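Written below as C-alpha coordinates is the structure these notes are about.
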(Lines of atoms letter the chains of each structure in order from A and count residues from 1; the text may use other names and numbers.)
(Lines give C-alpha, C1' and ligand atoms only; values in the text may rest on other atoms or scores of the structure.)
Protein backbone atom coordinates (compact mmCIF):
# COMPACT_ATOMS: atom_id res chain seq x y z
CA UNK A 1 0.00 0.00 0.00
CA UNK A 2 1.38 3.41 -0.99
CA UNK A 3 1.38 5.93 1.82
CA UNK A 4 1.25 9.69 1.52
CA UNK A 5 3.51 11.93 3.58
CA UNK A 6 1.88 13.69 6.50
CA UNK A 7 2.58 17.05 4.82
CA UNK A 8 0.30 16.10 1.90
CA UNK A 9 -2.47 15.07 4.26
CA UNK A 10 -2.12 18.33 6.19
CA UNK A 11 -2.14 20.34 2.96
CA UNK A 12 -5.32 18.60 1.80
CA UNK A 13 -6.98 19.25 5.16
CA UNK A 14 -6.03 22.94 4.99
CA UNK A 15 -7.34 23.21 1.42
CA UNK A 16 -10.62 21.55 2.41
CA UNK A 17 -10.97 23.82 5.41
CA UNK A 18 -10.30 26.90 3.27
CA UNK A 19 -12.86 25.86 0.65
CA UNK A 20 -15.45 25.16 3.33
CA UNK A 21 -14.82 28.53 4.93
CA UNK A 22 -15.09 30.31 1.56
CA UNK A 23 -18.44 28.69 0.81
CA UNK A 24 -19.96 29.22 4.25
CA UNK A 25 -18.86 32.79 4.93
CA UNK A 26 -20.49 34.91 7.57
CA UNK A 27 -21.18 38.63 7.77
CA UNK A 28 -21.13 40.69 10.94
CA UNK A 29 -24.19 42.96 11.16
CA UNK A 30 -24.10 45.96 13.47
CA UNK A 31 -26.51 45.83 16.39
CA UNK A 32 -27.63 49.47 16.15
CA UNK A 33 -31.31 48.82 15.46
CA UNK A 34 -33.81 51.72 15.49
CA UNK A 35 -35.89 50.01 18.22
CA UNK A 36 -32.88 49.79 20.56
CA UNK A 37 -31.72 52.52 22.91
CA UNK A 38 -29.48 54.95 21.08
CA UNK A 39 -27.44 55.77 24.18
CA UNK A 40 -24.97 52.93 23.88
CA UNK A 41 -24.77 50.35 21.11
CA UNK A 42 -22.30 48.59 18.87
CA UNK A 43 -21.84 50.23 15.49
CA UNK A 44 -19.81 49.41 12.40
CA UNK A 45 -17.13 52.07 12.04
CA UNK A 46 -15.11 52.29 8.82
CA UNK A 47 -11.88 54.29 8.79
CA UNK A 48 -9.39 54.30 5.92
CA UNK A 49 -10.87 51.21 4.25
CA UNK A 50 -10.49 49.22 7.47
CA UNK A 51 -13.91 48.24 8.84
CA UNK A 52 -13.93 47.61 12.58
CA UNK A 53 -16.62 46.99 15.15
CA UNK A 54 -16.31 49.26 18.16
CA UNK A 55 -18.39 50.15 21.19
CA UNK A 56 -19.36 53.83 20.85
CA UNK A 57 -21.63 56.27 22.68
CA UNK A 58 -24.33 57.58 20.32
CA UNK A 59 -26.59 60.61 20.79
CA UNK A 60 -28.88 62.54 18.48
CA UNK A 61 -27.43 65.48 16.55
CA UNK A 62 -28.30 69.03 17.51
CA UNK A 63 -31.41 70.63 16.01
CA UNK A 64 -29.37 72.69 13.53
CA UNK A 65 -28.39 69.40 11.78
CA UNK A 66 -32.02 68.39 11.05
CA UNK A 67 -31.63 68.61 7.24
CA UNK A 68 -28.15 67.08 7.12
CA UNK A 69 -29.33 63.55 6.28
CA UNK A 70 -31.51 63.43 3.16
CA UNK A 71 -33.26 60.09 3.85
CA UNK A 72 -32.49 59.25 7.47
CA UNK A 73 -31.62 60.87 10.78
CA UNK A 74 -28.38 62.30 12.10
CA UNK A 75 -26.51 60.63 14.97
CA UNK A 76 -23.48 61.97 16.82
CA UNK A 77 -20.67 59.61 17.90
CA UNK A 78 -19.51 61.18 21.16
CA UNK A 79 -16.26 59.19 21.53
CA UNK A 80 -15.16 60.10 18.00
CA UNK A 81 -16.68 63.62 17.87
CA UNK A 82 -18.19 62.90 14.44
CA UNK A 83 -21.67 62.94 12.96
CA UNK A 84 -23.10 60.15 10.82
CA UNK A 85 -26.39 59.44 9.12
CA UNK A 86 -28.49 56.42 9.99
CA UNK A 87 -30.21 55.82 6.67
CA UNK A 88 -33.75 54.62 6.08
CA UNK A 89 -34.16 51.20 4.50
CA UNK A 90 -33.18 51.33 0.83
CA UNK A 91 -30.85 54.35 1.08
CA UNK A 92 -27.08 54.52 1.42
CA UNK A 93 -24.26 57.06 1.27
CA UNK A 94 -22.69 59.54 3.69
CA UNK A 95 -25.87 61.63 3.79
CA UNK A 96 -28.30 58.86 2.67
CA UNK A 97 -28.41 60.35 -0.81
CA UNK A 98 -28.24 57.14 -2.88
CA UNK A 99 -31.22 54.85 -3.37
CA UNK A 100 -30.08 51.26 -3.07
CA UNK A 101 -32.52 48.62 -4.21
CA UNK A 102 -31.63 45.29 -2.65
CA UNK A 103 -32.96 42.13 -4.17
CA UNK A 104 -32.86 39.01 -2.05
CA UNK A 105 -33.16 35.73 -3.89
CA UNK A 106 -33.01 32.23 -2.51
CA UNK A 107 -29.84 30.21 -2.97
CA UNK A 108 -29.56 28.69 -6.41
CA UNK A 109 -29.54 24.91 -6.78
CA UNK A 110 -26.00 25.09 -8.17
CA UNK A 111 -24.76 26.88 -5.05
CA UNK A 112 -26.44 24.38 -2.74
CA UNK A 113 -25.08 21.46 -4.79
CA UNK A 114 -21.57 22.94 -4.73
CA UNK A 115 -21.77 23.43 -0.97
CA UNK A 116 -22.95 19.85 -0.41
CA UNK A 117 -20.21 18.46 -2.68
CA UNK A 118 -17.48 20.51 -0.95
CA UNK A 119 -18.67 19.49 2.51
CA UNK A 120 -18.81 15.84 1.39
CA UNK A 121 -15.27 16.05 -0.07
CA UNK A 122 -14.01 17.71 3.09
CA UNK A 123 -15.51 14.93 5.21
CA UNK A 124 -13.98 12.26 2.95
CA UNK A 125 -10.54 13.90 3.17
CA UNK A 126 -10.87 14.19 6.95
CA UNK A 127 -11.96 10.56 7.33
CA UNK A 128 -9.17 9.42 4.99
CA UNK A 129 -6.62 11.39 6.95
CA UNK A 130 -7.82 9.90 10.22
CA UNK A 131 -7.69 6.38 8.73
CA UNK A 132 -4.18 7.00 7.36
CA UNK A 133 -2.99 8.34 10.73
CA UNK A 134 -4.48 5.39 12.66
CA UNK A 135 -2.83 2.85 10.34
CA UNK A 136 0.49 4.68 10.53
CA UNK A 137 0.27 4.78 14.34
CA UNK A 138 -0.61 1.08 14.61
CA UNK A 139 2.23 0.08 12.24
CA UNK A 140 4.70 2.19 14.20
CA UNK A 141 3.48 0.78 17.51
CA UNK A 142 3.62 -2.84 16.30
CA UNK A 143 7.10 -2.30 14.79
CA UNK A 144 8.39 -1.01 18.13
CA UNK A 145 6.98 -3.97 20.06
CA UNK A 146 8.27 -6.41 17.40
CA UNK A 147 11.77 -4.86 17.57
CA UNK A 148 11.68 -5.04 21.37
CA UNK A 149 10.61 -8.70 21.18
CA UNK A 150 13.38 -9.52 18.67
CA UNK A 151 15.99 -7.75 20.79
CA UNK A 152 14.99 -9.71 23.89
CA UNK A 153 14.78 -13.13 22.16
CA UNK A 154 17.94 -12.76 20.07
CA UNK A 155 20.08 -12.23 23.13
CA UNK A 156 21.23 -8.72 22.49
CA UNK A 157 24.37 -7.34 24.09
CA UNK A 158 24.52 -8.02 27.78
CA UNK A 159 21.52 -10.38 27.74
CA UNK A 160 21.83 -14.16 28.18
CA UNK A 161 20.57 -16.38 25.36
CA UNK A 162 17.09 -17.82 26.03
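Placement of Cβ uses the backbone N, Cα and C atoms for every residue, glycine included.
Look at residue 61 (disulfide bond): DSSP puts it in coil. Just so you know, the Cβ of residue 61 (disulfide bond) picks up 16 other Cβ atoms within 10 Å once every protein chain is counted. According to Swiss-Prot, the disulfide bond annotation covers 61-74 (among others), on the basis of sequence analysis.
DSSP gives residue 85 (disulfide bond) a strand state. Residues or ranges marked as disulfide bond in Swiss-Prot: 69-85 (among others).
The disulfide bond annotation in Swiss-Prot covers 87-96 (among others). Less than 8 angstroms from the CB of residue 96 (disulfide bond) sit 69, 70, 71, 72, 85, 87, 88, each of them six or more residues away in the same chain. In the three-state DSSP scheme, residue 96 (disulfide bond) falls into the coil class.
Taken from Swiss-Prot, the feature domain 'EGF-like' applies to 57-97, supported by sequence analysis.
As annotated by Swiss-Prot, N-linked glycosylation site applies to 40.
Annotation source Swiss-Prot lists signal peptide at 1-22.
Swiss-Prot lists 113-133 with the feature transmembrane segment.
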Three-class DSSP assignment, residue 69 (disulfide bond), comes back as coil
In the predicted model, what is the mean pLDDT computed over the domain 'EGF-like' (57-97)?
-> 83
